[in-house]
Amino acid sequence: MAYPFQLGLQDATSPIMEELTNFHDHTLMIVFLISSLVLYIISLMLTTKLTHTSTMDAQEVETIWTILPAVILILIALPSLRILYMMDEINNPALTVKTMGHQWYWSYEYTDYEDLCFDSYMIPTNDLKPGDLRLLEVDNRIVLPMELPIRMLISSEDVLHSWAVPSLGLKTDAIPGRLNQATVSSNRPGLFYGQCSEICGSNHSFMPIVLEMVPLKTFENWSTSMI
């Protein structure tokens, strides 16, 4: 999860987030190299009065600064498209969970079970227990099995919301009248926090998301106790 004064990304917990982290580093290195080259050229222009007459009208230079940016854009676009298709690909999900956004709480329905659904509200600050996180704890966590592909169907009952869990690389808009889907998969057990990431009204900041990823056997015991 995030912590105060954090500069980097949250620790990746899903394969998608690992790919996004690698793509971020890849793109950042390209930006760093281009910025260094531009700053070097600017410093030369400011500190010297020398000019190269052939650079004012040179076919070779014009060819290079046309082809090189195209190559750089391709190096950025190809891995980006690969990750984009990976995020949309859902093959044989082990479980499907329907998520509905409301003003200002989330409701969850496990569609593979006959009667397993609940609402998830933020716990008020006055009701927090020692060790709980302010504005992030909920009364009903969504419990999912780890190391299995899970399909999330996301929509909204009223206004625009966005269901986001950064450490899992998830951010999907909840739009009234439209059903979006996302894949959830975790490499390890634990608690993973998120929040509504679309301004949806006066209590937008009070719509936390808490995912509890557990082993399959633990999930089966939990689902049995909830039905």
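Each residue, glycine too, has its Cβ placed from N, Cα and C.
It should be emphasised that the depicted structure is a prediction, and the values quoted were computed from it without experimental measurement.
What Swiss-Prot records for H161, C196, C200, M207 is Cu cation A1 binding site, and it gives similarity to another entry as the kind of evidence. Residues or ranges marked as Cu cation A2 binding site by Swiss-Prot: C196, E198, C200, H204. Per Swiss-Prot, the feature Mg(2+) binding site maps to E198. If you look up Swiss-Prot, you'll see 1-14, 88-227 marked as topological domain 'Mitochondrial intermembrane'. What Swiss-Prot records for 46-59 is topological domain 'Mitochondrial matrix', and it gives similarity to another entry as the kind of evidence. Per Swiss-Prot, transmembrane segment is recorded for 15-45, 60-87, and the stated evidence type is similarity to another entry.
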Collapsed DSSP category at H161 (Cu cation A1 binding site): strand
Helix, strand and coil totals (DSSP H, G, I; E, B; other) for the topological domain 'Mitochondrial intermembrane' (1-14): 0 helix, 0 strand, 14 coil
Cβ-Cβ neighbours of C196 (Cu cation A1 binding site) (radius 10 Å): 25
Distant-in-sequence neighbours of the topological domain 'Mitochondrial intermembrane' (1-14), which means Cβ under 8 A and at least six residues beyond its ends: 20-21, 24, 133, 166-170, 184-188, 190-193, 213
Where C200 (Cu cation A1 binding site) sits in the secondary structure, as DSSP reduces it to three classes: coil
